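Comments concern the structure below.
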Amino acid sequence: MSLTDLPYPVDFLSEVLPERIVQIHHDNHHKGYLTKLNEFIDKNMKYNATYLKDLVKGAWGHVGLERYAGGLYNHYLYWWTLTASNCTNGAPIGKLLTDIISKWGTFEVFQSRFDDLAKVTFGNGWTWLCVDKTGLQLLNSYYQLSPLMNTGDNICYPVLGIDLWEHSYYLKYTSDRDAYISDFWKIVDWDIVEYFYEKYASELTAVPF
Amino acid sequence: MLFRRFAKFTLPKLPFTDNSLEPIYDKKTISFHWGKHHQTYVDKLNQAVGENDYTLLDIIQNQSQNSLPLRNHGGGHYNHCLFWLCLGSNSSEQPSGKLLAHIQKQWGDFSKFKNEFNQAAINTFGSGWAWLSVNPEGKLVISSSQNQDNPLMKGIFKANAVPFFTIDVWEHAYYLQYQNKRPEFVDKFWKVVNWKQVEDMYEKYALQQRPVPVDKILG
């Protein structure tokens, strides 16, 4: 596997995430997960020729997969669901909006619940909007774990995640993680998130990175 | 209540000036690390302690296994205090005396010990710390922990030991200057270690199996 390029120029998110953060995050951190995953697969050839999404789904209990397949997948979802602030409507418009309102009452309440979960994450992790067999959920995970790794009926298919590791925001926001969480909404690409929701997650299928 | 309860824990003064570790560890990083991150741990620790009259050592050793906020924020306060005590300019790059002799006895030479400690620091996944401690058998042990966990924490750390030397490998500890290059930060850290203070904590506390009272030492 080689690392897919960002789906936009490196300064595309710069109203919230400056070029330097995006460049280091993608070319160093994200790529690092790919390097480590390739090393891991070299030593564990039974995982060769498995799709990334399936490596993530089967990761529970296998530290190498939890860290490196998780890290690789999570960052793809992150980059693909972000866009320039002037390229997004700031909210979904179709079935996803209807289902968010059905679950949380208003879109603002959904955002507020998402923010609350993100703010209480201690150390490294992610906050997710995902879909399980009962519908939309908000979940936290630590390190590079993903709700895709949940076993049995608890599996939850993510459509949007915020990376809360310090490397995601530190060069601009330093200790003010709450400001990053608040600004994150300006660059969410709701068109893509809705697409992932309707085509994959609602069908209880993983976005096929 | 007509008066506010006096906050129990406070952010101690740094035992060095904020620019004295340049260029290894710059003033901007120190001021955020101490003034924002460590201050936040102190504030949240005070909230978590509430009206209880715990000492910091009691929180670390005993209360941490009963309360996640005490574990996270008590750990954060203690660990950062120990970290500041380990830092200083005019580093001699390695200890002398009893501590050096002990390291050489266990590892053969200082560079083998340094490599093992560096690997513990570099290979910590996510946020955490690497530690040098004395265990109940009197041996030096290198270990690492996640988040703000500490080798003193009973019920959390499998084999408790008394730490006296540590490096913070949360990204905030080095990201402004080193970004993803944690190995470079870990390598350069040795140039700003205050060995005199570290040896003092080793001889007076760790060797006696007494936890280092970091908040009292910093005053």
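A Cβ is built for glycine as well, from the same backbone N, Cα and C atoms used for every other residue.
Please treat TrEMBL annotations as automatic predictions, because they have not gone through curation.
Confidence across the domain 'Manganese/iron superoxide dismutase N-terminal' (A:2-82), taken as the mean pLDDT and rounded to a whole number, stands at 95. Look at TrEMBL and you will find A:2-82 tagged as domain 'Manganese/iron superoxide dismutase N-terminal'.
Under the heading Mn(2+) binding site, TrEMBL lists A:His25, A:His75, A:Asp163, A:His167. Reduced to three states, the DSSP call for A:Asp163 (Mn(2+) binding site) is strand.
Look at TrEMBL and you will find A:93-194 tagged as domain 'Manganese/iron superoxide dismutase C-terminal'.
The DSSP breakdown of the domain 'Manganese/iron superoxide dismutase N-terminal' (A:2-82) into helical (H, G, I), extended (E, B) and coil residues amounts to 52 helix, 1 strand, 28 coil.
Just so you know, of the binding-site residues A:His75, A:His167, the Cβ with the fewest other Cβ atoms around it within 10 Å is the one at A:His167. For the recorded Mn(2+) site, residues A:His25, A:His75, A:Asp163, A:His167 set the reference point as the centre of their Cβ atoms, and the other residues of that chain within 8 Å of it by Cβ are A:His26, A:His29, A:His30, A:Tyr78, A:Trp165, A:Ser168. Of A:His75, A:Asp163, A:His167, listed as binding-site residues, those near chain B by the criterion of a Cβ under 8 Å from one of its Cβ atoms are A:His167. Other Cβ atoms within 10 Å of the Cβ of A:His25 (Mn(2+) binding site), summed over all protein chains shown, number 25.
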